[in-house]
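Below is one structure; the comments refer to it alone.
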Amino acid sequence: MPGSLPASCEATWPKDVGIIALEVYMPSQYVDQAELEEFDGVGAGKYTVGLGQSRMGFCTDREDINSLCLTVVQRLMERNGLSYDSVGRLEVGTETIIDKSKSVKTVLMQLFEESGNTDVEGVDTTNACYGGTAALFNAVNWVESSSWDGRYALVVAGDIAVYATGSARPTGGAGAVAMLVGTNAPLAFERGLRGTHMQHAYDFYKPDMVSEYPVVDGKLSIQCYLGALDRCYSVYRNKIHAQWQREGLETRFCLEDFGFMLFHSPYCKLVQKSLARLVLNDFLSHPSPNTQSGPFSGLEAFRDVKIEDTYFDRDVEKAFMKASTELFEQKTKASLLISNQNGNMYTPSVYGCLASVLAQHTPHQLAGQRIGVFSYGSGFAATLYSIRVTQDATPGSALDKMVSSLCDLKARLDSRKKISPALFADIMKIREETHHLANYVPQGSVDDLIPGTWYLTRVDEKHRRQYGRRSLNDDGPLEAGLVHSSITSEHVPSPLKKMPRIPTTTAGTEVVVISNGDH
């Protein structure tokens, strides 16, 4: 049959392709959602209970998508002692567009110049919040393909989520995640187990090229998200059932078979509703569910509902959220640490959820688990896939190193600076007025940035952007766990290169300048 997989293929594929290392970057300041409720004049609990959000990270005009990605890539490379010539593919997923032609990936290539490595495939991938997942799939597929040259792939997902004043603003956030992809990974992708749904809809989109703000149809967006979840879960279950049957197993797959279940998180309450929806899917697809005891107890009244009629059915939602309470606590709640404390990061959102799970469990608690991942991007594109965690949880193992690198995640979140809602509104106004402005020097403070953070120094008259990096040894505490680079601190521009050597131990704030264009 055309398109079918020869049985001999699997034996020749690289083993356990997946995520080897993971790094997260979040802005150094946040606004408290309870204070924002009062400032906005809405009812207490509208953002904190209704949306399930506690804090929202945000960027001043000192940070843009290029600087976020520069920071998270260099941090991942430094903390894992990696050389830039070990990377053969670099791919960026983002919907934060500051240039209609030039990719963020090309800006990141300046970090590679010191190594002399320019043989690096990949560019940017864009489709709302799904771009990071598409980039990750591209990286995994490259490692498994005849194009692979044995080097790592590096995937970066980053965004700045900002909204105009109004009800959508508290669902913003910002950040970036970098993931190193290769073989023998502690987080291996399960081959053939992806359920995807793609469809056309105008639920959330950004047609105005001079504004950061999207156009949002909130009700339609929720319907698209939940509808995509239903379809992806159905396809995934069919694929895993077929796989199990080939192995001689007749077991039915259900939500219990995931050790953890992660979701793209526009806001935390939608994630809780989404887990309940998977329980609804399991209930309706079960040939004879037990409604007398167990997880489906007392749900017999909903046996004949049509799933497509339940997107906004409060009775169904309330019943299945109650039925899924224990499963939510076990499989999903821990994943919402970053989402609750930092907000929606768009493309990195679901990978921030993955980092949150890794940060709050020991290697032994994670070993051997199947992690379900649902990624959604408006417009719309969605996939539900699974990752299998390695069984090797011994000290010094790849899983142990990954967990150790993220164990300070809560401390990082707690160390950020709280900004008043009034100042936050002023900063958002500055971003609004200066977005895509040429011949501009940013006004935001550099002193509050975390050491090692890249930031925008100026935009020249031709819209070319220049960046500096805050030194790692600035006065004040270093971020926990950050490893100093072994790169020389000498700052000598070379006439043969567009970028000077990258110092990381020179005192001071603007330690080096790089750009996104020739000068």
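Cβ atoms are placed via backbone N, Cα and C, with glycine included.
The active site, proton donor/acceptor feature in TrEMBL is assigned to GLU95, HIS264. What TrEMBL records for CYS129 is active site, acyl-thioester intermediate. Summarising the annotation, TrEMBL assigns CoA binding site to SER221, LYS269, LYS273. Annotation comment: TrEMBL describes 13-186 as domain 'Hydroxymethylglutaryl-coenzyme A synthase N-terminal'. Annotation source TrEMBL lists domain 'Hydroxymethylglutaryl-coenzyme A synthase C-terminal' at 188-470.
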Looking only at the domain 'Hydroxymethylglutaryl-coenzyme A synthase N-terminal' (13-186), mean pLDDT returns 96
Output, ordered by sequence, the same-chain residues six or more apart from LYS269 (CoA binding site) with a CB under 8 Å from its CB, or 'none'.
GLY50, LEU51, GLY52
Counting only residues 6+ apart in the same chain, whose Cβ is under 8 Å from the Cβ of CYS129 (active site, acyl-thioester intermediate)?
GLU95, ASP159, HIS264, PRO266, TYR346, THR347, SER349, SER375, TYR376, GLY377, SER378
Return the residue, from the listed recorded positions HIS264, LYS273, with the maximum count of other C-beta atoms within 10 angstroms of its C-beta.
HIS264
Spatial neighbours of SER221 (CoA binding site) that are distant in sequence (at least 6 apart) but have CB under 8 A:
ASP203, PHE204, PRO266, SER378
For GLU95 (active site, proton donor/acceptor), just count the other CB atoms lying within 10 A of its CB, please.
27
Applying the rule Cβ within 8 Å of the centroid of the Cβ atoms of SER221, LYS269, LYS273, what extra residues of the same chain belong around the CoA site?
ILE222, TYR225, LEU226, PRO266, TYR267, LEU270, VAL271, SER274
Pairwise Cα distance maximum in Å, CoA-binding residues per record: SER221, LYS269, LYS273:
14
